[in-house]
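What TrEMBL says about this one:
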ACT_SITE  R185  active site, proton acceptor
ACT_SITE  D485  active site, proton donor
DOMAIN    28-89  domain 'Malate synthase N-terminal'
DOMAIN    181-280  domain 'Malate synthase TIM barrel'
DOMAIN    297-444  domain 'Malate synthase TIM barrel'
DOMAIN    451-559  domain 'Malate synthase C-terminal'
Amino acid sequence: MSHSATSTLREAGHNIGPVNVDQVLHDVNILGPLDDHTRKILSKEATVFLAVLHRTFNATRKALLQRRVVRQAELDKGNLLDFLPETKHVRENSAWRGAPPAPGLVDRRTEITGPTDRKMVVNALNADVWTYMADFEDSNAPTWDNMINGQLNLHDAIRKQVDFKQGEKEYKLRTDRVLPTLIARARGWHLEEKHMTVDGEPISASLFDFGLYFFNNAEELVNRGTGPYFYLPKMESHLEARLWNDVFNLAQDYIGMRRGTIRGTVLIETIPAAFEMDEVTTTPTPSPNLPLLTADQQIIYELRDHSSGLNCGRWDYIFSVIKRFRQNPAFVLPDRSAVTMTVPFMDAYVKLLIRTCHARGVHAMGGMAAQIPIKNDPAANEKAMDSVRADKLREVKAGHDGTWVAHPALAAIANEIFNANMPTPNQMHVRREDVSVTAQDLLNMNVPGSITEAGIRKNLNIGLGYMEGWLRGVGCVPINYLMEDAATAEVSRSQLWQWVKHGVSTQEGQKVDKGYALKLLHEQADELEKGAGKGNKFQVAAKYFAGQVTGEEYAEFLTS
């Protein structure tokens, strides 16, 4: 922020020790609007903390992102991922463990996820679940108002001051039971918060989201019996987990909090990360002579004292497989509906995650049930809910310690399945020592199914529907009774790109080329526009989406 703006921010009351505030705030600029709500969250002291985080860690973050670029160049040449055979003896060392479950995180059988708007925060905390993953990432469009108001909503919810009235309806936190444990999901390392610059550079969105939530709430959370807990998305290597661990240590030291109070659950939602779930090496730093495409450390190991487990981020994982191997025709997948959790590469990923977590004494969390109740069609609703039951039964039988739902109405189904099959708070005792997953298993693309015009149109509808909402500042969109977010939109556009790139033919015999893809894109955009209200942005969405479905340009992330 400019020096003149600095003086208008209120003091937060934190002791920041020997830090020279004026010196730290030099060349720190807040470009978003500043008002009383903003100043409640983005105080002078919090801004200093963010600047310290940026200057300490941003160079490392950028170097790790460049490492992704180098790895992608090798994959584009046809190389594959693998484990390091020479570290097998360390992988099989059962002596070390992750941290024991923190207060409020022993039982996580049902977690609800969603953005941080005030209505969602109240409804999620009132749901019959054990934890609430408050999302600053995939289900949240990163407007300045969304990010700051989301922080404010969580700040108030922690202090039970979040009740509000909308029209004639009142939203109040229930008082008849202990509320779910709050876990915040920060944005991934690849994203930046362009409304705040330090030394002329945008601050990392990860550090911005983490820093504000931690600085404003960590002590209050501990005083109320839980702690500052986080979901960590989109990581691709153990070095990125190491960076988070370093951030956690600095943050705790900065406010005088005991190390290990912070806990982070890592979403295993990229194929490179899957190869680093179960790898350990004694090499203290990466050597330039190590093969680029081999896993050489374990993500849980890097976070040890701060680890609260791993989660199966299923849709992002499918997206990552397509993205990372997009130039390889052996990785072409059929319609999205055919890529279920039981196909070989997904089944191997789930089994390896559970075995890895339970061997190290941390939670293995299942994936999302994105269904929305269908109120006007009982038969269709029952069919949809049956699919949720089958999915949750598969997860608990496999050994997962908990699962995700996107809608409060699905919590009862998840609870019923997990309560019947998991009478203990978790099932870390289910070691899954029967599981043996090889690199070939994780890369087994033997997925039955076809590519159809219906599948293409479905992907277009999902991609356009999500992008149109995102352009209006909405980060999760109900489409065909499923809650779609950035992850499912990424799968949709990546499949379309992949099919055009490799010139596949549909089940109907139509070659999928650039012209055909654009023709269907414009047809779907026109159809969606006709069915939408005034002021919709489907044609704008189509303009941006067109560049991502022709097998030519490929953005690392759709939202960038």
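Here the Cβ of each residue, glycine as well, is placed from N, Cα and C on the backbone.
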Problem - Nonlocal residues around D485 (active site, proton donor), in sequence order (Cβ under 8 Å, 6 or more apart) - result: D138, S139, Y466, G475, C476, V477
Practice task
Please work out the number of neighbouring Cβ atoms within 10 Å of the Cβ of the residue listed as 'active site, proton acceptor', leaving out its own Cβ.
Solution key: 24
Practice task
Summarise the domain 'Malate synthase TIM barrel' (297-444) by DSSP state, stating how many residues are helix, strand and coil.
Solution key: 80 helix, 17 strand, 51 coil
Handout entry: Composition by DSSP (helix, strand, coil) of residues within the domain 'Malate synthase C-terminal' (451-559)
Key = 62 helix, 8 strand, 39 coil
